[in-house]
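Feature annotations, reproduced from Swiss-Prot:
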type: DOMAIN; residues: 6-233; note: domain 'Radical SAM core'
type: BINDING; residues: R15, R62, T92, K153, R254, L255, R256; note: GTP binding site
type: BINDING; residues: C22, C26, C29; note: [4Fe-4S] cluster 1 binding site
type: BINDING; residues: Y28, G66, S116; note: S-adenosyl-L-methionine binding site
type: BINDING; residues: C249, C252, C266; note: [4Fe-4S] cluster 2 binding site
Amino acid sequence: MHVQDRHGRPVMSLRLSITGRCNVNCIYCHRDGMTSSRGELSAADIEKLCRVASDLGVGKIRLSGGEPLIRDDIVEIVERINNIGFRDISITTNGTLLEGYSAALSEAGLDRVNVSFDTLNPETYRFITRKDYLERVKSGITSAVDVGLDPVKINMVILRGVNHHEVWDMFEFCREKGAVLQIIELLKTESCHDDAVERYHCDITPIEAELAEMADRIRTRKFMQDRKKYYIDGGEIEVVRPMDNTRFCANCTRLRVTPDGKLKPCLLRNDNLVDTRDALRENDTGRLRELFFEAIRRRSPYYTP
């Protein structure tokens with residue numbers, strides 16, 4: 001049984017940002033390749049939070065960052081979470097370290113992976129990330145598919161004047177690899193600064209109209225913010241459109257955790273966080289449950305009709 005917030009939305013998944021560190025420096029992210037691990041939750045503390053979440057009916061865990069594979073204990077973290085008994089464990093990664101970890105992560109209990117990968121063009125990749133890791137990422141995607149992580153999804157943020165013309169090339173790449181393409185509208189968040197949104201935000205309505213015209217079948221995923229999935233010639237494309245999207249909020253089922261242990265009721269807000277660090281230090285499970293309920297109580301749609 002899922003706990004519901006005061007708007008009737010069930011809390012079904014927990015997304016833990018387990019590090020703010022990253023080994024790339026993307027043009028739309030203001031974290032600037034952060035390198036400090038200060039304040040990050042330990043693997044044991046991550047397990048404590050996940051156990052409380054499981055007791056409250058959460059069935060899905062996603063690990064993200066920063067770049068989660070930077071953590072030396074990432075396999076241990078997945079093992080600890082898997083031992084709790086969640087039905088789905090996933091990771092969002094930039095893919096640069098994935099080839100070396102995919103087999104161990106799969107064995108530890110990881111079910112699936114999302115790879116942030118915005119372009120197949122080496123020069124464009126270097127422009128976006130300020131690194132030359134494109135071939136590493138492609139090898140990581142191949143490795144993830146080969147070890148049986150399923151699905152492997154490619155997160156492609158559409159950037160005006162940068163990669164907006166590459167959607168079909170990326171679709172062909174994904175179809176060939178057996179991966180699912182997710183095209184994502186650039187969203188203003190704590191990690192994406194205003195200048196980047198103003199400079200690179202691209203209205204993806206024309207792309208979605210083209211997908212609708214070409215699709216053999218279209219599916220609407222209610223508990224994934226009513227996002228559309230388009231099936232085209234044996235391939236799949238999902239469209240993620242959070243900007244000013246009331247359905248994105250109305251069907252949100254996710255609670256988030258920051259790298260330093262704050263429960264985050266809303267992706268787009270930082271003024272209503274719930275700090276769990278004292279309860280974690282004191283190993284106070286009862287207090288952690290209370291804090292989860294408080295975070296759920298604070299959940300409110302950011303975009304409203």
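The backbone N, Cα and C atoms fix where each Cβ goes, and this holds for glycine too.
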Discussion item. For a quick check of understanding: given the listed GTP-binding residues R15, R62, T92, K153, R254, L255, R256, what is the maximum Cα-Cα distance in angstrom, as an integer?
Written reply: 21
Discussion item. Taking the Cα of K153 (GTP binding site) as the centre, which of the binding-site residues listed as C22, C252, C266 lie within 10 Å of it?
Written reply: none
Discussion item. Show me the subset of C22, Y28, C29, S116, C249, C266 whose Cα is within 10 Å of L255 (GTP binding site); these are the binding-site residues I mean.
Written reply: C266
Worksheet, complete the sentence: In whole Å, the longest Cα-Cα distance within the recorded S-adenosyl-L-methionine binders Y28, G66, S116 is 13
Worksheet, complete the sentence: Taking only the CA atoms, the spacing between C29 ([4Fe-4S] cluster 1 binding site) and T92 (GTP binding site), expressed in whole angstrom, is 15
Worksheet item: What kind of secondary structure is C266 ([4Fe-4S] cluster 2 binding site) part of, going by DSSP in three states?
Response: coil
Fill in: Non-site residues, in chain order, whose CB comes within 8 A of the mean position of the CB atoms of C249, C252, C266 at [4Fe-4S] cluster 2
R9, F248, L267, L268, R299, S300, P301, Y302, Y303
Worksheet item: DSSP on R15 (GTP binding site), three-state: which is it?
Response: strand
Practice prompt. Measure the Cβ-based neighbour count of K153 (GTP binding site), defined as the other Cβ atoms within 10 Å of its Cβ.
Written response: 22
Item to complete: Measuring C-alpha to C-alpha, could you say which of the binding-site residues R15, T92, C249, C252, R256, C266 are within 10 Å of S116 (S-adenosyl-L-methionine binding site)?
Response: T92
Worksheet item: Around C249 ([4Fe-4S] cluster 2 binding site), how many other C-beta atoms are within 10 angstroms of its C-beta?
Response: 21
